[in-house]
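Notes follow once the structure below has been shown.
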Amino acid sequence: MPQNADSLAVVLKCRDWENPGVTQLNRLEAHPPFCSWRNADDARVNRDSAQKRSLNGEWTFAWFSAPEAVPESWRTSDLQQADSVRVPSNWQMDGYDAPIYTNVTYPIPVNPPFVPADNPTGCYSLTFSIDADWLQAGQTRIIFDGVNSAFHLWCNSRWVGYGQDSRLPSEFDLTHFLLKGENRLAVMVLRWSDGSYLEDQDMWRMSGIFRDVSLLHKPATQIRDLRINTRFNDDFSRAVLEAEVRTTGERRDDLRVTVQLWDSETFVGEKTAPLGSEIIDERGAYPDRTTLRLNVEHPALWSAETPHLYRAVVQLHAADGTLIEAEACDVGFRQVSIENGLLLLNGKPLLIRGANRHEHHPENGQVMDKETMIKDILLMKQNNFNAVRCSHYPNHPLWYTLCDRYGLYVVDEANIETHGMVPMNRLSDDPVWLPAMSQRVTRMVQRDRNHPSIIIWSLGNESGHGANHDALYRWIKSEDPSRPVQYEGGGANTAATDIICPMYARVDQDQPFPAVPKWSIKKWLSMPGEQRPLILCEYAHAMGNSLGGYAKYWQAFRQYPRLQGGFVWDWVDQSLIKYDDDGRPWSAYGGDFGDAPNDRQFCMNGLVFADRTPHPSLYEAKHAQQFFQFALLPGAECQIEVTSEYLFRHSDNEVLHWSLALDGNPLTAGVVTLDIPPQGRQIIALPALPEAETAGQLWLTVRVEQPQATAWSQAGHISAWQQWKLGEKLATQWPQHAGNAPQLTSSGTAFRIVAGEKRWEFSRQQGVLTQFWIGEEAQLLTPLVDQFTRAPLDNDIGVSEATRIDPNAWVERWKAAGHYQAKAVLLQCDADTLASAVLITTAHAWQYQGETLFISRKTYRIDGNGEMQITVDVDVASGTPHPARIGLSCQLAQVAERVNWLGLGPHENYPDRLSAACFERWDLPLEEMYTPYVFPSENGLRCGTRELLYGAHQWRGDFQFNISRYGQKQLMETSHRHLLQPEAGTWLNIDGFHMGVGGDDSWSPSVSAEYQLSAGRYHYQISWR
């Protein structure tokens, strides 16, 4: 007895999900998103179409360990054990199966095209009704915008088709499957398919119907494709809108196509032509298509700065004017080109201020909603980003529409990555895999080509370089010559890219890896015969407490025109919310779901946390990328030169606030309106500035504010700022106490000093300050001791983990040398009474396994006013690794509500990441001095500090500090921030010197030499009262 062609058994026998030659069955051709309006005015204003219906919502769902476990009866009716889930969603976020986070390593055994027999399978079903008029005429389609990883579709128990490529739509014709009354859809989704070998991106591996599902009803004769291009004369004063329209359905001689162009409510013009009017070659024209050209005088040009959009409405109608169907899209008049080694937009060289962005939501997984998309765009714009790379797959279709409207340049990237293959180009150089790769590239272009925000196509990510790439590069250049193509794989400079687009190339340092060397970005420009622009597809790995040295990249970008910026890795931490036994949420990373293999916290590389609150590094990026640059001009008068890096917009909504302050105390201020043309300058002459009358540092600060709200910012938004230290009137010390010295007493174990209501006790056996009283209140919970270590940053750890030690990682070097285990050996502890002060002198050798790592000498000078001046000299052994810090640490007994300091702030800053910080007097709650990185580490440092006030205490000097309820030991030993427990009192770290955080990448030591503590001797001094 022959098998039913619709049966599960037939589908299982074919095993299409293990055949790279089968990427779809019965799927319709790719095209731009359609709405099939039946009223041209509805199309013009983008009104909801009555011909489009969402199927999002509650679906019936059953989960199985493998497709073979799905009962045949499911195809025809819901199973008794079925539950319900919301579509779109990832089933792992609903408690089925586990998400897996891995970066390079495939989550399944590598045996392409085969996948494990244990292949989790989700069975979805939905019952719905169809309007009677949809059944009478026309075509009804179903559109799945994203399903991971592959799926088969049935309608009313009849098999419809198959699709894979999780990040592009699969669209099927349901017309002949639909019935009057209720209809039932059944969708069998497989977690793994041969397509999974092309989707080895650095992200959580999740499954399910995770993008929108909708029905679309089109007439029998219909628009099947729409391609929009804009062309210009030399000075962009005249343009041509070119609309290529393709149709399908009944052949009719009376069909006409009209394109109308609107500028908001203003009608610009229209053009009408019959089908078949465009002669292609000597054999004639395509009978089902036409190309319409509409001249536009003085078009308003689109750019990320000025995202002016027109609206094109395309109508298919009969000769008598009867409208059959209308489609529409936003149109941006803009031109992308590469000339003389520069990437140009509308004839101007771009400077890409970009971020790589994964589609990630902490609670919804890879399901993106409009609100989150808009939040990302607004944050990018507010922080001076102008570009985004869709890493590493085509995004939700709404994303591009929003980028068009708000103004972001987009690199649209094919859903291809084979990072875990050995060699990496194993599939991209295999012709068997060309059809699968081709579908992912060509369908992306066919869906997204009409978006002006997309300025570059990308062939994918980290898939080596093979003949398949070369073929697909040539296809795109033929199909869409209006955009360049980039591809990093195989060394960033192969023939398959128009742009040199390396990842993690450094500014001045070569990384001569075998086969694929990463030269410094400066060197790359001078390679023989190389004339392409260089735009880093990934740089500045923002993992945890990172982004050190970011300003150095931007100095290079501004110095060398062909260095045209790059895309930070990456935008958002990919942590996921889990709940503890008491229902409290916490942030999870790789391994927290029992997932194996996993790459632990490597999924958290964002400039923002998963909930989109900023990392401190975001402020550094904002400052480095700001569109206004400032220079303090030399001369007797104080003049500031403001340069605009905007290419297309006049500064019509900016005022410059300037202020002069002495040690944070305002002296004078003013406001000037900025009136700067694109790429222009304005000189601002300030009035005569007052001189400092008392000791302190004189700082001039300028801030650019937008008085009026914009589409992406609120009124009062600060877009740029800069500070200059104009001078310093020195007072080398506080006035020395001229009265009697404090009282010094000693015993066999301690030195005790009394000055008024203050008392100090130093251990003679340990040589440290063990206690400090104010009145009867003890101020210390732990002694004041040297500190040379920090709770490791992600950049300090690199790729090291328990099962794979990288001896070159900073933390492993520090461990091996004994920095964390070193013990202090007392060399000296003396006390002397001077005329007006008591002097305690100590010396320690910090040793590990008999080796001396550091020698620390301290002098404590305590006067009768109760001021203790601490002078520290540290010698670093020549053979030991450069230390993380040179400073002091103690646990204060007091827990005060606020912290006040004069120094750089307000946000966390480190020696190689402090360009965005300003020198002022700051005051913040104690809890805001801690940065809640999901993976705990050293955090919260404030550099350039002159004074610190906390509770009853005051410190002065030139130092860096962090202060919080969490000690370095707990930060080092705790895996997740929600496990941290506030400790007794407050931990204070005061550093004379602190190593940078690095960030060129996070897997090799990346702290630049100038920010390492490489000197043999260090000296610093603080006063405590």
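Backbone N, Cα and C atoms are what each Cβ position is placed from, and that goes for glycine too.
Noted in Swiss-Prot for the protein shown:
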type     : residues                                                                : note
BINDING  : Asn103, Asp202, Glu462, Glu538, Tyr539, Ala540, His541, Asn605, Trp1003 : substrate binding site
BINDING  : Asp202, Phe602, Asn605                                                  : Na(+) binding site
SITE     : His358                                                                  : site 'Transition state stabilizer'
SITE     : His392                                                                  : site 'Transition state stabilizer'
BINDING  : Glu417, His419, Glu462                                                  : Mg(2+) 1 binding site
ACT_SITE : Glu462                                                                  : active site, proton donor
ACT_SITE : Glu538                                                                  : active site, nucleophile
BINDING  : Asn598                                                                  : Mg(2+) 2 binding site
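A map of Swiss-Prot features onto the structure.
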| residue | record | Cβ contacts under 8 Å, 6 or more apart |
| --- | --- | --- |
| His392 | site 'Transition state stabilizer' | Gln201, Asp202, Glu413, Asn415, Ile416, Glu417, Gly460, Asn461, Glu462 |
| His419 | Mg(2+) 1 binding site | Asn103, Val104, Asp200, Gln201, Asp202, Asn461, Glu462, Ser463 |
| Tyr539 | substrate binding site | Met503, Tyr504, Ala505, Tyr553, Gly566, Phe567, Val568, Trp569, Asp1000 |
| His541 | substrate binding site | Tyr504, Trp569, Asn605, Asn795, Gly999, Asp1000, Asp1001, Ser1002, Ser1006 |
| Asn598 | Mg(2+) 2 binding site | Ile100, Tyr101, Thr102, Gly590, Gly591 |
| Phe602 | Na(+) binding site | Tyr101, Asn103, Asp202, Met543, Gly590, Ser1002 |
| Trp1003 | substrate binding site | Gly798, Val799 |
Nonlocal residues around His358 (site 'Transition state stabilizer'), in sequence order (Cβ under 8 Å, 6 or more apart): Met203, Ser391, Asp570, Trp571, Val572, Gln574
Least buried by Cβ count (within 10 Å) of the binding-site residues Asn103, Asn605: Asn103
Where Tyr539 (substrate binding site) sits in the secondary structure, as DSSP reduces it to three classes: strand
Residues flanking the Mg(2+) 1 site, with Cβ no more than 8 Å from the Cβ centroid of Glu417, His419, Glu462 and excluding those residues themselves: Val104, Asp200, Gln201, Asp202, His392, Thr418, Gly420, Met424, Gly460, Asn461, Ser463, Gly489
Protein Cβ atoms within 10 Å of Glu538 (active site, nucleophile), excluding its own: 24
Among Glu417, Glu462 [binding-site residues], residue with fewest other Cβ within 10 Å: Glu462
Chain-mates of Asp202, Phe602, Asn605 with C-beta within 8 Å of site centroid, Na(+): Asn103, Met543, Trp569, Asp570, Gln574, Asp599, Cys603, Met604
